[in-house]
Every structure is written in structure tokens, then in C-alpha cells.
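Q: Attaching a single structure in C-alpha cells format; questions to follow.
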Amino acid sequence: MSRSSATLIGFTAILLWSTLALATSSTGAVPPFLLTALTFTIGGAVGIAAGLARGVGLSVLRQPWPVWVHGIGGLFGYHFFYFSALKLAPPAEAGLVAYLWPLLIVLFSAFLPGERLRPAHVAGALMGLAGTVVLLGARAGGFGFAPEYVPGYLAAAACAVIWSVYSVASRRFARVPTEVVAGFCLATAALSALCHILFEPSVWPVGSEWLAVVALGIGPVGIAFYTWDIGMKRGDVRLLGVLSYAAPVLSTLLLVVAGFAAPSGALAIACALIVGGAAVATLLARR
């Protein structure tokens with residue numbers, strides 16, 4: 001598989017993640033850890049079924065413990081700290097801090113062998129971050145980082161660091177088959193179910209809400225993690241980091257099309273910054 005093909009496959013994860021908000025809005029009052037448990041169970045099943053269809057047996061899950069620490073720590077760790085951040089701090093501020101992960105991916109990629117971090121990559125990532133600031137700030141009517149929410153900000157920062165480290169470190173585990181991600185998903189589902197039992201009331205999906213849960217499990221919480229794994233292991237990590245800032249903008253555009261949000265000047269500015277950042281990272285970095 002070529003580097004450009006792997007990058008394109010990795011970008012499909014970003015496209016799928018942009019549907020998260022719209023799909024999640026159709027799951028009703030299902031609490032976050034229960035929703036995570038349900039969707040990751042489906043996502044894990046999708047991976048196992050796809051592997052078996054290609055002749056890859058369950059023996060592929062026999063991996064050294066560092067592989068499991070990396071995978072479960074990345075998937076479950078990110079979601080645990082993200083949900084904690086949303087409970088401990090206002091969603092806008094928590095979301096902004098959490099969305100430092102694309103920039104961190106770009107910066108951390110400099111530590112990978114054979115990768116060279118160019119100023120254009122950093123500039124593109126900063127433009128993407130600026131677009132996210134404009135978009136999230138407009139939604140919330142501004143930001144107000146208050147001292148009493150420091151635990152929430154720290155939790156959001158933790159999830160940003162965890163996901164960026166997981167993503168970049170995937171290159172270190174390039175020989176581990178992508179099918180192993182199914183095991184990460186199922187382990188994340190089990191730990192999320194435990195957190196649900198300990199911390200949340202049980203509100204199960206009803207009627208058409210199950211369709212949204214299944215769609216999440218197949219797409220943004222299923223296929224996306226497998227394609228992201230391919231992109232991180234074989235694609236352009238720096239470019240995928242910059243392109244990740246497209247997710248919140250595409251997510252908002254989908255909400256506008258579906259009638260859940262209104263178009264705004266902030267959305268247009270965010271689009272311009274993120275598209276411009278991607279262009280800077282793609283074109284100037286080649287010179």
C-alpha cells in the first residue's frame with residue numbers, strides 16, 4: 001500500500017468522525033458510557049467479522065502486553081477523560097482543550113523515524129486550531145476559563161495527549177495487524193460498561209434510537225478506528241493531523257443541513273482557516 005493511499009484511507013476516519021454529533025443526537029438520553037459500551041461492542045464485532053471474512057482468525061489477538069496497553073489506553077483512556085472533562089468543565093472550553101490533539105499529532109510526529117516536521121505543517125495545524133477556536137467560541141458565545149474548572153481542563157488536556165500519543169505511537173506498532181483494533185474496541189466496551197454500572201443511571205435506547213446506535217458502531221466508532229490505524233501506520237501522520245481539524249467544521253455543516261444548526265459567519269471563517277491550513281500543510285511542505 002502506498003503512503004498516499006494510506007493517508008486517504010486515514011482521512012475517511014475524519015469524515016466518519018464528523019458524523020458523530022448528528023448520529024449521537026439521534027440516540028436520545030442514553031448516557032455516554034453506556035453508549036460507548038454499545039457502540040464499541042458493535043465496532044469490535046465489525047472488525048472480527050471482517051477479519052474472519054478475509055481468513056484472519058482470532059489468533060491475531062495474541063499480542064504482547066505493550067500492544068494492549070497502547071490500544072486500550074488510547075481508545076478507553078481518551079473517552080474516559082473526555083467524558084470526565086465534560087462533567088467537570090463547561091463543554092465549550094473542555095472541547096477546545098481536548099481538540100489540541102491534532103496539533104499535538106503534528107508536533108509529536110517529529111519524534112518518528114524518517115519523519116521531518118516542517119514549519120508549514122505547524123502553521124497549517126495552528127490555522128486549523130484557530131478555525132476550531134472560532135467555531136466553538138461562536139457556539140458558546142465566547143470562552144471563560146474559570147479556576148474552579150481546572151480539573152475539567154486537565155481531564156480535557158489528558159484526553160488530547162492520550163489520543164495524540166496513541167495515534168503517533170501506532171507507527172511504532174506498524175507490524176501489528178489492524179485487525180487487532182477489534183480487540184481494543186471490545187476491551188474498551190467492557191471497561192465502559194463497568195464505568196456505566198458504577199457512575200451512570202441506565203437509560204437504554206428505544207425504537208429508532210437503536211438504529212443510530214448501530215450506525216455509530218459501524219461507522220464513526222467502528223470502521224473509523226480501523227482506517228485511522230492504517231493511516232497512522234502507513235500514511236502521512238503530519239498531514240492527517242492537520243486534516244483532523246476538518247472534523248468539527250464538517251460536523252457543523254452536517255448539523256446545518258439536517259436543520260439542527262444555523263449557518264453563520266463563524267462557520268465560514270472556520271472553513272476558510274481549516275481549508276487554508278490544509279493547503280499550507282499540503283502544498284508548502286512539499287517545497
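Quick reminder: no glycine exception, Cβ is built from N, Cα and C everywhere.
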Q: Is Ala262 placed by Swiss-Prot on the same side of the membrane that Arg3 is on?
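A: Opposite sides, per Swiss-Prot.
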Q: Compare 150-170, 209-233, 265-284 by their Cβ pairs under 8 Å to the transmembrane segment (177-198) and return the stretch that comes out on top.
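A: Most contacts with the transmembrane segment (177-198): 209-233.
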Q: With an 8 Å cut-off on Cβ pairs and a sequence gap of 6 or more, do the transmembrane segment (119-139) and the transmembrane segment (150-170) reach 3 or more such pairs?
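A: The answer is no, given that the two segments have fewer than 3 Cβ pairs within the 8 Å cut-off.
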Q: With an 8 Å cut-off on Cβ pairs and a sequence gap of 6 or more, do the transmembrane segment (91-111) and the transmembrane segment (209-233) reach 3 or more such pairs?
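A: These two segments do not touch.
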Q: Limited to the domain 'EamA 1' (7-136), I'd like the whole-number average of pLDDT.
A: 90
Q: Let's see if you can do this one: DSSP helix, strand and coil counts over the topological domain 'Cytoplasmic' (1-5), in that order.
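A: Per DSSP, the residues of the topological domain 'Cytoplasmic' (1-5) fall into 3 helix, 0 strand, 2 coil.
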